[in-house]
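Worksheet for the structure shown next.
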Amino acid sequence: MKVFSHQDEVEFISDDSRECTPKSAFLLTQSSRVYEAAAREKGCKLFLEPKDLHRFLKTDIPLIGVTGTNGKTTTSAAIYSILLDLGYKVALLGTRGFFMNDELIEPKGLTTPPLLELYERIDRAKRAGCDFFVMEVSSHAIDQKRIEGLNFALKILTNITSDHLDYHKSLEHYIQTKNSFFDDSTPKLINKDESKAKFNLQNALSYGIEHPSSYHVKAYSLHGGIEARIAFLEKEASLSSSLFGKHNLYNLLAAVSAVHRLIGGELQEICDMAERFGGVEGRMERVSEEPLVVVDFAHTEDGMRQIFESFPHQEIVVLFGAGGDRDRSKRPKMGAVADRYAKRIYLTSDNPRSEDPLLIIEEIEKGIHHCQKCVKEPDRVQAIRRAVKELEAQEVLLILGKGDEAEQIIGSQKIPMKDRETVLSALGEIRGVR
């Protein structure tokens, strides 16, 4: 990637040796360092470490980094929304793309982009006059040092459960990677109910529901949305939201706590702004009310459990698969949690990539003891159509795994499809017949 510099001594900075010239600087990252000699052959004379980028790009903007297995996207989006509604100029970078001041600037890509691209986004936000830069921080980015050299104003932990073991190889390494983000003295906000959290106590505040914490929920109701009473020291505030589920109470609590820690002010005013946040597309998105159909990105055992527990008074029907060429150990666990909560299970594809979709389904099925519940249909579109058609009035259909993704990866092909649109099409056909 090529990023133009604000200093006359360098025309541009690149992490690709093939782009280098005598007037460029080459960024030495964990992945690009092996190409240093190739950059020299191109005539490049200036070599930069990530900490040097502050000399050439504008990065002096408060950075808020959110990490965790689940909840990063919703928590980040809620912080972004609250700050915007309070009148600040804000940038947001994450799974859904790069946003500035309620405008989509770049479409979705990696949760946390490569280091030079990330610095370029921060530089662009600073030049646009943004007061804050909110970003999701993935475990891959922490491990690959894609956030090296950045000075965060606040770091936030949502939770830690099992994920990405295809990359990290063990749960222990995954947990260590997440926790390493909180090793320094940077101001931090930690989920006190997360038993796996390990962090530097300096400048640490916490939030929680079950355990005493800096920001804590004194009482709450999850019937028909969220109603909660939040306390911080001697201050109390009421929080209302149309979002569903205890996991979203955690997400909103983290967001409210983060904004209060960043700007101070009245806790109640921040809660009032949080009430305006309508959620994120593909995250507990109610595509239809009658029948009730919900689309969500949940793709881990814990993420699925949180969704299931958000519907304690309804009969649950679930449709999901598991990503190919990814952590295989979680597949039977996903099957087991579905077996525990769901009345009927539709097993299908979720980006099978190079794997055989039927073999992935078989691995999920190993965790399901009541196999009579299962319907196996590897074609995700057909599975959704069938699930919608067979849905009964007292049931809720939860379509999990892909959220707002707009394509299905099969082999090397990316085939356009979106769960939400497939549901609406199926409902349209049913209503047309009736």
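Just so you know, glycine gets a Cβ as well, placed from its N, Cα and C.
What Swiss-Prot annotates here:
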| type | residues | note |
| --- | --- | --- |
| BINDING | GLY68, THR69, ASN70, GLY71, LYS72, THR73, THR74 | ATP binding site |
| BINDING | ARG326, ASP350, ASN351, PRO352, ARG353, GLY401, GLU405 | meso-2,6-diaminopimelate binding site |
| MOD_RES | LYS178 | N6-carboxylysine |
| MOTIF | 350-353 | motif 'Meso-diaminopimelate recognition motif' |
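Distribution of Swiss-Prot features across the structure.
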residue: GLY68; record: ATP binding site; Cβ neighbours (10 Å): 26
residue: THR69; record: ATP binding site; Cβ neighbours (10 Å): 22
residue: LYS72; record: ATP binding site; Cβ neighbours (10 Å): 25
residue: THR73; record: ATP binding site; Cβ neighbours (10 Å): 24
residue: LYS178; record: N6-carboxylysine; Cβ neighbours (10 Å): 27
residue: ARG326; record: meso-2,6-diaminopimelate binding site; Cβ neighbours (10 Å): 19
residue: ASP350; record: meso-2,6-diaminopimelate binding site; Cβ neighbours (10 Å): 25
residue: ASN351; record: meso-2,6-diaminopimelate binding site; Cβ neighbours (10 Å): 23
residue: ARG353; record: meso-2,6-diaminopimelate binding site; Cβ neighbours (10 Å): 17
residue: GLU405; record: meso-2,6-diaminopimelate binding site; Cβ neighbours (10 Å): 17
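When the Cα atoms are compared, THR74 (ATP binding site) and ARG353 (meso-2,6-diaminopimelate binding site) turn out to be 27 Å apart.
The average pLDDT the prediction assigns to the motif 'Meso-diaminopimelate recognition motif' (350-353) is 96. When other Cβ atoms within 10 Å of the Cβ of ASN70 (ATP binding site) are tallied across all protein chains shown, the result is 25. Around GLY71 (ATP binding site), a 10 Å sphere centred on its CB holds 26 further CB atoms from the protein chains shown. For LYS178 (N6-carboxylysine), the spatially nearest entry among the binding-site residues LYS72, ARG326, PRO352 is LYS72, judged by CA separation. Between the CA atoms of ASN70 (ATP binding site) and GLY401 (meso-2,6-diaminopimelate binding site) there is a gap of 12 Å, rounded to the nearest whole number. Reported as a whole number, the C-alpha separation between ARG326 (meso-2,6-diaminopimelate binding site) and THR69 (ATP binding site) equals 15 Å. A simple way to gauge crowding: the CB of THR74 (ATP binding site) has 25 other CB atoms within 10 angstroms, across all the protein chains here. Counting every protein chain shown, the number of other Cβ atoms lying within 10 Å of the Cβ of GLY401 (meso-2,6-diaminopimelate binding site) is 25.
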